[in-house]
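Colleague: Features from TrEMBL:
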- 7-28: transmembrane segment (TRANSMEM)
- 36-112: domain 'Inhibitor I9' (DOMAIN)
- 136-564: domain 'Peptidase S8/S53' (DOMAIN)
- ASP145: active site, charge relay system (ACT_SITE)
- HIS205: active site, charge relay system (ACT_SITE)
- 360-447: domain 'PA' (DOMAIN)
- SER526: active site, charge relay system (ACT_SITE)
- 640-735: domain 'Subtilisin-like protease fibronectin type-III' (DOMAIN)
Amino acid sequence: MNPSSCLISYFFWYLYVCSLFFNFFAFASSIERKNYIIHVQPPDDFDTEVYHRSFLPVYHTTESELEEPQHLIYSYSEVFSGFAARLSEEELNAVKKKDGFLHVYPDQYVPLATTHSPDFLGLHTGGGSWPRSGLGRGVIIGMLDTGILPSHASFTDDGLPPPPKRWKGICEFKTGGCNNKIIGARAFGSAVINITAPPIDDAGHGTHTASTAAGNFVGDASYKGNANGTAAGMAPHAHLAIYKVCTRGRCSIVDVLAGLDAAVRDRVDVLSFSLGLSSGPFQYDPIAMATFKAMEKGIFVSCAAGNGGPEIGSVSNEFPWVLTVAAGTMDRSIRATVKLGNGKELDGESLFQPANSGPVSYPLVYPASNMAANPDCENFEGFDIHGKIALCMSSGLSGRVDIGSSVLGFGGTGMILMNSKPEGYTTFADAHVLPASHVSYSAGAAILSYINSTTNPTATLVFKGTVMDSSPSRTIAFFSSRGPSKATPGILKPDITGPGMNILAAWAPTLMHPFDQGFNIVSGTSMATPHLSGIAALIKSVHPNWSPAAIKSAIMTTSDNVDRTGQPIKDEQYQKASFFAMGAGHVNPSRAVDPGLVYDLGVNDYISYLCGLGDGEAAVSAVVHRSVNCSLVGSIKEAELNYPAIVIDPRSGPVTVNRTVTNVGLAKSRYAAVVYMPKEIKVIVRPRILHFSNVNQKMSFAVTVSSRGNLGNAGAEGSLMWVSSSHVVRSPIVIPAST
């Protein structure tokens, strides 16, 4: 063959091979692939990632064997037996046929569920749990959120020691970023945008929650001059480990699971998880499985109850091995008062506090066809609002500032935002774009009545800035998700309430607000959760050997079920709050570090509880990551789990449950049982006196609950208290309403 013929042959051979590659990748790119979490049997003495890759498809051409790139997103090793992969339907079906396959979970996106709050919670540098705990010194809090702004003053490492020797994490900031406060930072964004960005906060949320949990002291903190004071997290000298699992505000379960996996591997002590996950059977919930593994390794997990309230049964993250946190109010208001033309004054809130707002009265308009209809505050068709104050209806958790933008765009001078009836008395301090006041449903109804009583209604907006000791405090926010749990109704959820309304904390510039800096005021169970994460760190610092269940018990049994005036904590309607709204009560960190007694639980207790749910051994094995024989480990009913709350139904006859407490207070101590319950319910505690002679001594007792008459469909609530000369250990007793 002559050289020219060889060149021609090689050329056509080259084109042929190139066409194979081109056709392969063109075919591959045309296939629709989705993200999945694949649950598989744990490997036996085999490299985990190699084992996981063995489930993935391998492609063949007539000339070569090619593995499709980017199938494997994450290989989980610590909290979940499985991996995340991007697969077509055909490829997924092939994976399902492999030996060792257990289950598949489609990826889903979950929503993202302070200067005064330390003082409000009784945390002071001069005494109490702060100095006793060293401000959380030596404890590592892992934050699963939107990242962090490391340059913020809240994250300086003044006064902090180096990370503990057990720390195994890494820092992915390209230059600087990590110090003795932020000891590690990683980003997990492959499932959202197919690239991993730095762990810089691109939404503000993660910076806010991290500084709430463990921000260092920052003087003269405020938002546009409001809520001024010294900002600090709950555990100012705890370390922070950042796991960015949300990109541009989107949180993929695939990435969340990867963050959990890394946090456990890195050896954090506390995990803070401000994401609202939907309720469902635990054996089909990768987060239930992952948090179980974290608990098994001694990590305390704090989760948001969700922002689905006030709907009954809306609580999320209801696994009994995590702390589920509800959101409450504080005693601080950013006051904006509405003064009506008839002289009546109604208090509301707003972060828009103009410095030169004189007592000028403006016409007041309700842009609706009639007083019974909701106002149209989007286009104001048929209404002239120029130079007037418009009364509009709140849009709930979001969009409130947008309503004001619409009012301003149509020439309005001001806005009064009134709550709907379900929102009750929960009002937000928002950075409105015009003079505004957010008022309660009751105040809004009074304003409507006034408008309807006169032909020329007028109003004045009076801005009073930050007002302390507003009453009532410690109410439950309307949006805070409620129990009972759908997945496990025999366990009280939420567990506890923390401050979650109008919380001032560190903030980061975002794409929507690139010039925001310093601090911001935000609300949600997302804000309540890091308060409890920081408080758990304080307890862990004082009691490093306590289990997650012991820490949770200390938080729940020392909580307050009354407000600052001694009245029962109220809900958003100013009615007595149910335990299904507030959990055991509002957290009291000063007492939580010294609870006297704790209701402790171990891994085997939770396994017996899971066996008692009746979902089968396969379901239990899926949650706990190993084969379980329920006949060997035993099974218990939900009410028999040694939980620091009792949920029970005596309608069919007396019910007895057993509990065991561990003495963590004075070695020689005597506790007497005191029961508060409605007269229709009879409660017998045996024995009624517990005598302890040693620290860590355990004693058991039985609680029998019966109805004195026909309870009907109504529920009932009360408390069992163990009282000594130095401690009060309170546990809720709840009889749910019958549906």
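Residue numbers in this text run from 1 along the chain shown.
Any Cβ shown, glycine's included, is placed from N, Cα and C.
Note that TrEMBL annotation is computational and uncurated.
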Colleague: What is the number of other Cβ atoms found within 10 Å of the Cβ of HIS205 (active site, charge relay system)?
Modeller: 26
Colleague: Quick check on the domain 'Subtilisin-like protease fibronectin type-III' (640-735): DSSP residue counts for helix, strand, coil, in that order please.
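Modeller: Split into helix, strand and coil, the domain 'Subtilisin-like protease fibronectin type-III' (640-735) gives 1 helix, 55 strand, 40 coil.
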Colleague: Pop the Cα-Cα gap between HIS205 (active site, charge relay system) and ASP145 (active site, charge relay system) into the table, whole Å please.
Modeller: 7
Colleague: When DSSP states are grouped into helix, strand and coil, how many residues of the domain 'PA' (360-447) land in each?
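Modeller: Tallied per class, the domain 'PA' (360-447) gives 20 helix, 18 strand, 50 coil.
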Colleague: Would you mind giving the whole-number mean pLDDT across the domain 'Subtilisin-like protease fibronectin type-III' (640-735)?
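Modeller: Averaging the confidence scores along the domain 'Subtilisin-like protease fibronectin type-III' (640-735) gives 95.
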Colleague: Count up the helix, strand and coil residues in the domain 'Inhibitor I9' (36-112) according to DSSP, in that order.
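Modeller: DSSP classes over the domain 'Inhibitor I9' (36-112) add up to 14 helix, 28 strand, 35 coil.
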